[in-house]
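Participant: Heads up, here are the entries from TrEMBL:
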REGION    1-47  region 'Disordered'
COMPBIAS  1-21  compositional bias 'Basic and acidic residues'
REPEAT    71-152  repeat 'Solcar'
REPEAT    161-252  repeat 'Solcar'
REPEAT    261-350  repeat 'Solcar'
Amino acid sequence: MREGQRRRLTSERRPRSDRSSQELAADDVDCPEKYGGGRGDEAEDVVFPTSTEQPTRLAMAQDKKTIPNGIKFLFGGLAGMGATCFVQPLDLVKNRMQVATSKEHKTSYHVIRHVIKSEGFTALYSGLSAGLLRQATYTTTRLGIYTWLFEKASGPSGEPPNFLVKAVLGMTAGVAGAFVGTPAEVSLIRMTSDGRLPLAERRNYKNVFDALLRMAREEGVFTLWRGAIPTMGRAMVVNAAQLASYSQAKQALLGTGYFRENIFLHFCASMISGLVTTAASMPVDIAKTRIQNMKIIDGKPEYKGALDVLGKVIRNEGFFSLWKGFTPYYMRLGPHTVLTFIFLEQMNLVYKKHVLGDSAAKGGGL
């Protein structure tokens, strides 16, 4: 054994603090790669910066710019509002089927034909102002909070959180958004369902602001939050299913090797997410819809709560009536999910490339 190797092996058995300065100097000369000066790629990871120098990777992580939270909230609302402009007629069909009795409309086609025949084609867009306000409040809050929490929960190298964490993030964001958006939700349900009532019983709200003012004046301010609990419960289910399943589906599709980060990937992941969300949330959604549309008869509400709605629906209309309006619900939720996430991803991507100057950006961050 060479003298240098023998000296290094002997000295390494003792703590560095107990060794003489001559031994330390000899050790450093014999084994320079230990401190970044020798062979191998591992030397790049062991660089000791001076007091005025920071590690390159840490500096890059610190210098990496992200989308401001205010912009995330704005993009979330704009994405939802853009999608609503396309799917509002489907929202109307879904709401009318959910509040209808078993003797009324049996299919989506019957609803659409009846609306056009009795109210005119433009009636399919009844409640559009309420739908836009709902997106401006509910979707802005939930997607803004979700993208912010998603970023905080991601690993230091940008790896996404696991499925359970995504579900918790989705539920948290959904509850917050639902509470903020309940007044617009109540207005939307009433405005889209008004046309099915006899002329003498219609509320005839002019727009969402007229609806909000009249409800507060005629029925009390707390009417604006009628059905808030089932709305928040629905939001927990929808967001846990929608946001988490979207991220999970996106990862799974990328893992197959057949997809890349582009609009087609976002479309496929959104359709999968919409199907999962529809199946999971419909029973809660029908309870929410009927509570928000109910009238007070002789001082008594039609329903005592969400469980009362579900019990009466099952007893009077059958168990599978809890999924009444599945087709328009998915036809509305599927495209709405697709359009919302595509709009959101593309706005995030454009902002990263052209405002933050990140030319390597590929995904929108969900």
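Each residue, glycine too, has its Cβ placed from N, Cα and C.
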Participant: When the repeat 'Solcar' (161-252) is classified with DSSP, how many of its residues are helical, how many are strand and how many are coil?
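Facilitator: Tallying H, G and I as helix, E and B as strand, the rest coil: 79 helix, 0 strand, 13 coil.
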Participant: Within the repeat 'Solcar' (261-350), how many residues are helix, strand or coil going by DSSP?
Facilitator: 73 helix, 4 strand, 13 coil
